[in-house]
Amino acid sequence: MSRPSSVSPRQPAPGGGGGGGPSPCGPGGGGRAKGLKDIRIDEEVKIAVNIALERFRYGDQREMEFPSSLTSTERAFIHRLSQSLGLVSKSKGKGANRYLTVKKKDGSETAHAMMTCNLTHNTKHAVRSLIQRFPVTNKERTELLPKTERGNVFAVEAENREMSKTSGRLNNGIPQIPVKRGESEFDSFRQSLPVFEKQEEIVKIIKENKVVLIVGETGSGKTTQIPQFLLDDCFKNGIPCRIFCTQPRRLAAIAVAERVAAERRERIGQTIGYQIRLESRVSPKTLLTFCTNGVLLRTLMAGDSTLSTVTHVIVDEVHERDRFSDFLLTKLRDLLQKHPTLKLILSSAALDVNLFIRYFGSCPVIYIQGRPFEVKEMFLEDILRTTGYTNKEMLKYKKEKQQEEKQQTTLTEWYSAQENSFKPGSQRQRTVLNVTDEYDLLDDGGDAVFSQLTEKDVNCLEPWLVKEMDACLSDIWLHKDIDAFAQVFHLILTENVSVDYRHSETSATALMVAAGRGFASQVEQLISMGANVHSKASNGWMALDWAKHFGQTEIVDLLESYSASLEFGNLDESSLVQTNGSDLSAEDRELLKAYHHSFDDEKVDLDLIMHLLYNICHSCDAGAVLIFLPGYDEIVGLRDRILFDDKRFADNTHRYQVFMLHSNMQTSDQKKVLKNPPAGVRKIILSTNIAETSITVNDVVFVIDSGKVKEKSFDALNFVTMLKMVWISKASAIQRKGRAGRCRPGICFRLFSRLRFQNMLEFQTPELLRMPLQELCLHTKLLAPVNCPVADFLMKAPEPPPALIVRNAVQMLKTIDAMDTWEDLTELGYHLADLPVEPHLGKMVLCAVVLKCLDPILTIACTLAYRDPFVLPTQASQKRAAMLCRKRFTAGAFSDHMALLRAFQAWQKARSDGWERAFCEKNFLSQATMEIIIGMRTQLLGQLRASGFVRARGGGDIRDVNTNSENWAVVKAALVAGMYPNLVHVDRENLVLTGPKEKKVRFHPASVLSQPQYKKIPPANGQAAAIKALPTDWLIYDEMTRAHRIANIRCCSAVTPVTILVFCGPARLASNALQEPSSFRVDGIPNDSSDSEMEDKTTANLAALKLDEWLHFKLEPEAASLLLQLRQKWHSLFLRRMRAPSKPWSQVDEATIRAIIAVLSTEEQSAGLQQPSGIGQRPRPMSSEELPLASSWRSNNSRKSSADTEFSDECTTAERVLMKSPSPALHPPQKYKDRGILHPKRGTEDRSDQSSVKSTDSSSYPSPCASPSPPSSGKGSKSPSPRPNMPVRYFIMKSSNLRNLEISQQKGIWSTTPSNERKLNRAFWESSMVYLVFSVQGSGHFQGFSRMSSEIGREKSQDWGSAGLGGVFKVEWIRKESLPFQFAHHLLNPWNDNKKVQISRDGQELEPQVGEQLLQLWERLPLGEKNTTD
């Protein structure tokens, strides 16, 4: 079936059709939503409905109607699918007149509660002070008004292109003649590959043509050999060359480069190299570079001349159609005209040949056969027939089919019966299939207009009613008893019998018997009562067929005209569905019908897979089994069945090896799976589509193909991202089948019918058609000619995205100020195009630089750009524990972003202590994800340095841009600036969340905000309770997903209204954005709409501040004016920083930031939001050698002495010097400063001259930064001060006797065990403060706390009454009184398995918040117990 050009019809149905949608297995998977029943209908209907709805969504129609011939179950299916796609569906009418309409949502329908903002006195004071000192200037005001004319685009373009020297590009090099290839152990293997036979033909065709398509089956050798053919030919003929070969996956680029280098007996980085996002191994000698599509694209952004020295570009695996490959081909096609010597080779296993021939203009195609053995194919009907698989539902359906057959027999007797010859026998209750009313199949609140019982309600009727109705219908038909109609109408009107009631023995309805007997007035009566003219009897006849068969011409005319009026204007999609029914035998058709009525095939039938697997293992030869599943949940579910739940397998685990393949899984399976198993052991591989092309397992003989894949797609109409389970393409199905014939003939079991296969897409939907295009639209402006609109350039793509999606993406870029009205990139836009993250995350990072809270935002942005580090637990029982882990990391801050940040920081601490793997398992985190995030931070920070946002020294250095990193309110302001327009508002009256386009939004179950802080069982109305618990009326979110018809938001944070007012909306507000109370009125709301005069009066006194079409605030006139001016100061500061990132900050700039921070902090406190500690801590020291893909951060030389320690992404040599310099005054936690707890002499005086410490081996402070060890400057030097802006650390010190503590208090010294020394020294260096809390073992008390004031030396004290203690260090005692343990019973330490703080070993570190709370307990001691020292 051909795909409509605009969009894939393969959008899933949440209960069927084209893919298991969000409802059964929403993002992250797991079970159907509560209250949703499976909807089981024929495949033909599912496919037709999907096509119709997709065409409607992307077309210009506002409304669409479906025919009344649909059954209630089919209507239910359409309701659920429509709702999951963000459409509004309604059923109207009764009986035969019941039809369904689908409408597009109108954003204007969204009602919302009033948006207000009440400022505290301190906030007003802070803004007034700023404005009085530095008023908004005319220049600032003018710059922030909407532009009225276009600037000199050519000048700006040239300047900005020069400015944006992006990282991650391929190096410039000149073509050279390759060296001769070396002989290797792989030579004989190379010569056995199918592609080897065509070497001369391939080289010749490439020489003669600019573009060549090569289609070769997986395993034919095209990826590794074709680039080598070109190198060898150039060596042989003395021709210089330089080749780029792109791969869609990073791992593939590395693996192929390493393999090719090995085949040529070279080291990687010589003739053969690779470059991916975080790593490169290339040199000036490199002539063949393997890279990702994204890397080549970024190279092209530097200008068309970047390919002037390249001779060949090979784009491999083109069939994957990721957005970068399609985009790349668009640009390369243009460049072929400019570079006459450039050759382009497209290579793939399943290329859409005709599409690319058309696109590149009749270029030659080379086909390379693989060497697989024959693979037998079995579709669903074949599997059901040969294995005899059945289940309870299938048996039930078959029983009901027998009942239907009996009805047909009785019907036939009716048709042939003579009048008066048939006497009705005893009527029995009918037991036909009970299909629930369409609205029972939906979740709460279908469209509620449906009150009539459906035609399937006979089971609900009492036996006497069934008997009476059967008797009446029999009399009408057999005796032509017209008077019986009076009783039928009476029962329909008074006893709630359906007008479409079916005779229990024949399935005939009143309309059918009236039509067959020619009772015209009764037919009209029944139609007016809502009878369904499309209802069919058990033999498939409708009322019209009865009338035709029995020659009732008047009735035929009546029914035909009525049917025509019903169907007028409705879409007839049946012609689009290639039913091809003649291919199916009656037996197969029945088997499929029974199966589809028993199981919703939009999910994956694990029962059927287990049945198949058992059959293979007990009746087939040896050979590995490869099972293709859509995602993580299905893989784990099936694995658990095999290993634990199914006794047929669980009792024989020694006979199987189960492997799991998934791109995100923490598993070494991907290497182990390639090895052959021991004799007598069968390998069972559970895999996603990663095993289609990326990983080849040679001993696979059996493939079980679920036919499903999980695809992330962006709905540009509703701005929602959906993770959908969808049907694979035919090309993928063929690839999967080919995996079975690698070593000998195999079998491929397909869990879908031939009909489904025939209606699959030929090829996968290009990513360009299903992903957000903002990033590509930015790139388009750098790749396309200056005056070329984005849409025009993207229209040149092999399959252009729908204009609507491009329009929406461009609009989003305008919304976030990356583009102006004329689609020209703004100053911000040029910087965003340079950053290797999505535009909104890039904006977040740039705002963080200006707000000086970079570090936490770097971590959060990279996490959002990559993926959630929290993994789904393997065991279902652990899912609750996983949620609690996530919640614990939020520290009560009402923020999922906080959980991401603190999880990363805690992982880094665990890593520095050497137990990161156990930490990840315990906290359900992905180690690999964390490591990638570190690499992404490195790259992002490198780009910020290159652009001048982070300087090497002085103002704007790494310390300066982290001045406010410890202030969570400021960090959230940067989040808000980046997340806009992803906002929701709390409607307190109705306890619902509303968005710009959504009346009702819910928290995704994975969000910590979805679970209010209840210690016992959560309340039944969880969402309402969660909303009620929110401290503010505003939330930001990262992603909106749709599970069924409800929009869910995930990764949310509660924020204050003032943050929204200052950081959301466009920088350039219209001059009338602020309306004073006198001129303000609410459009469209009559004056009498208010409930009381008082309310009218109150509202009338408020000013209105309109930030965009949705954000309309009503607030006091003074507050509105102050906030508008604060906005203007912020946006003009941000604009100045974008124009000149390296320029020193002015007095105005500094004052503006100080005022903003004061406002944010005050309002945060006023809202009751907590300020967790430790969020600004810099990344801990970490050896880059331990990280994957890290060589781009490593020095090519070996590491030198500690004085030359290599610093991380975050520390330049210059900064290292700064770190040794005297520290500014340290800032203790405000609470202690106010209470006078801390030593009054604490400051710089006692430390400013202390400049170095003893040299430490570099291995103790491995790379990326944060805590270098400066070299020693001589013996006996004092310790320098700890680093400012670093977190406070807390440790428990256990003493074996009280005497040691008395000595410590007298002399101000302490010693600990050698095992604790390194940990404390490191903490002393990394932190602004280290507190030690003392407890004598067995005393039941804490005996006070001190702060550490020097590093631990080598000198030992003879005073201690304990053996085994190490060197002495200085401490300053702050509190010396005893605190009973019962005071601290409520404090649990997350860093010690959530044990109570008193249950700590010597040297146990406390989580910062817990430590802070513990120290505060001394303030609560009764007065008589206090004994504070100076």
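Note that Cβ sites are derived from N, Cα and C of the backbone, with glycine treated the same way.
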Which candidate from Trp1360, Trp1391 does Swiss-Prot annotate alongside Lys1294, Ser1295, Ser1296, Trp1310 at the RNA binding site? Trp1360
Can you check which of 188-191, 316-319, 480-483 Swiss-Prot lists as motif 'DEAH box'? 316-319
Per 10 Å Cβ neighbour count, which of the binding-site residues Ser1295, Ser1296 ranks highest? Ser1295
Sequence-remote partners of the compositional bias 'Polar residues' (1164-1174) [C-beta within less than 8 Å, at least six residues beyond its ends]: 120, 123, 891-894, 898, 902, 905, 966-969, 972, 1031-1032, 1054, 1056, 1229, 1287-1288, 1408-1409, 1412
For the repeat 'ANK 1' (506-538), sequence-distant contacts whose Cβ falls under 8 Å of one of its Cβ atoms, 6 or more beyond its ends: 67-69, 93-98, 404-405, 407-408, 410-411, 414, 432, 452, 455, 473, 476-477, 480, 482, 485, 488-489, 492, 499-500, 544, 546-547, 549-550, 552, 554-555, 558-559, 562-563, 566
Tally of residues which DSSP labels helix, strand or coil - the compositional bias 'Polar residues' (1164-1174): 3 helix, 0 strand, 8 coil
Around the Cβ of Trp1310 (RNA binding site), other Cβ atoms within 10 Å, all chains included, total 26
If H, G and I count as helix, E and B as strand, and all else as coil, what does DSSP give for Trp1310 (RNA binding site)? strand
Output, ordered by sequence, the same-chain residues six or more apart from Trp1360 (RNA binding site) with a CB under 8 Å from its CB, or 'none'. Asn1300, Ile1303, Ser1311
Within the predicted model, mean pLDDT of the domain 'Helicase ATP-binding' (203-369): 88
Non-local Cβ contacts of Lys1294 (RNA binding site) (under 8 Å, 6 or more apart, same chain)? Ser1335, Val1336, Gln1337, Ser1400, Arg1401, Asp1402, Gly1403
For a three-state summary based on DSSP, what are the helix, strand and coil counts in the repeat 'ANK 1' (506-538)? 17 helix, 1 strand, 15 coil
Indicate whether Ser1295 (RNA binding site) is helix, strand or coil by DSSP. strand
